[in-house]
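Engineer: The structure's right below; bear with me while I get my questions together.
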Amino acid sequence: MKIKTISGAERLSLKRSIDAGTEEQRKTVRSIIEDVKANGDQAVRSYTAKFDCIEIDSPLVTKEEFEEAYTSLDSRLLQVIRQAIENIREYHERQLQSSWFYHRKDGTMLGQKVTALDSAGVYVPGGTAAYPSSVLMNVIPALVAGVERIVLVTPPGKDGLLSPGVLVAAAELGIKDIYKMGGAQAIAALAYGTETIEPVDKITGPGNIYVALAKREVFGDVDIDMIAGPSEIVVLADETAIPSEIAADLLSQAEHDKLSSCVFVTDSMALAETVSAEVNKQLETLPRREIAEASVRDYGCIYVAETMVEAIETVNTLAPEHLEIITQSPEALLGSIKHAGAIFLGRYSPEPVGDYFAGPNHVLPTNGTARFSSPLNVTDFQKKSSIISYSQSAFEEHAESIAAFARLEGLEAHARSIEARERRISK
């Protein structure tokens, strides 16, 4: 794993560019979306056959498939899923916002009305892999928010079936509307509807570049959570950290994808050299060695700063999806961290704890967007309406000022809207 010393000037070049896809990929996605809008289920079936190599006549998961999923899933794993649900729900319930109102002395009442979205569509990656954790992390905040209709889509395997873990996770949350479809065609079906699926108000969940581009295309007609890029981890550590643990944590993200980013930031060259050697050692025995090696080679790096203050500045420049702080006193550094999707404090809080079990959401901003965005949360499934109720006395007191403001902007009809009421009051 390559090692670099880092200075203030060099930090400016660290930001990773966002993969917006090629023009050919964007054209393909637009074509798929238009086809689904025009031809509905027929188009979805056609693309499922083309891309997933399976003919699916009826994409809706049946009651029998749910029953088979429960039968085939190990009882221990069922308990793990249920415990994770409890943890995730407990955390997200603390995010729930309520409507509020207040009154001024002149009789004015102002407020904010909080309302859950009517519907949401969740995309869960599938095909060759299974991600029941994605079901939990996307569905639970929507349920806590009060979303009434939640639809889930996920690509089928080559046998036309879905992962038992995914089905059981959904069933444990009361989600029955699950459709075997993936890719840009599934995003289009959620956004615009087909004969089988009613359109939804918001689409969440990660996917490949075609899913990401499709979400970008439909945004505005529906809401989306974010455009997720490859997974990222930054580990910030001092000489008190254990090198083998740091290496294991870096590789936990490197094995996700050849495009995943794994970065170690420290103020100790000795630790940097030991961790680099440990990464190479652990790579040799990884089942997903080819993927992890490509990630480490192309997007992995160890940055050595002169001081911990400079190391923290490097972290804030990177604005990573996941940040682990493994130092003598990680809590003391927390206040200096400005930009990170999720922050894991101490050696007993490695990133997989948050991926699956702790409670906070694992749908996190990537590609440096933690500078201005947040993890998926309950408020993403709520919307707010401003409430304004002026009393007659308040209106009379401020009417002249409001009309003057309208004319300042050259909007005469606005001013007359105010004055029409003034005249009626004065009669």
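Just so you know, glycine gets a Cβ as well, placed from its N, Cα and C.
Swiss-Prot feature annotations, pasted as is:
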- Glu321: active site, proton acceptor (ACT_SITE)
- His322: active site, proton acceptor (ACT_SITE)
- Tyr123, Gln185, Asn208: NAD(+) binding site (BINDING)
- Ser231, Gln253, His256, His322, Asp355, Glu409, His414: substrate binding site (BINDING)
- Gln253, His256, Asp355, His414: Zn(2+) binding site (BINDING)
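Structural setting of the listed features?
Structural biologist: Classification of Glu321 (active site, proton acceptor) by DSSP places it in coil, neither helical nor stranded. Within 10 Å of the C-beta atom of Glu321 (active site, proton acceptor) sit 29 other C-beta atoms, taking all shown protein chains into account.
Cβ-based neighbour count (10 Å, all protein chains) for His322 (active site, proton acceptor) stands at 28.
With a cut-off of 8 Å between CB atoms and residues at least 6 apart in sequence, the same chain places Val153, Thr154, Gly182, Ala186, Ile187, Leu190, Ile203, Thr204, Gly205, Pro206, Gly207, Val211 near Tyr123 (NAD(+) binding site), listed in sequence order. Secondary structure at Tyr123 (NAD(+) binding site), as computed by DSSP, is strand.
There are 15 other CB atoms within 10 A of the CB of His414 (substrate binding site), with all protein chains counted.
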Engineer: Give the sequence-ordered list of residues that share a chain with Gln185 (NAD(+) binding site), lie 6 or more positions from it, and have CB atoms under 8 Å from its CB.
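Structural biologist: When sequence neighbours closer than 6 are ignored, Gln185 (NAD(+) binding site) has Ile32, Asp35, Val36, Ala43, Val44, Tyr47, Thr48 within Cβ distance under 8 Å.
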Engineer: Ranking the binding-site residues Asn208, Ser231, Gln253 by other Cβ atoms within 10 Å, which is at the bottom?
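Structural biologist: Each of the binding-site residues Asn208, Ser231, Gln253 was scored by Cβ atoms within 10 Å; lowest is Asn208.
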Engineer: Using a 10 Å cut-off on CB atoms, tell me which of the binding-site residues His256, Asp355, Glu409 is the least crowded.
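Structural biologist: Looking at the binding-site residues His256, Asp355, Glu409, the Cβ with the fewest others within 10 Å is that of Glu409.
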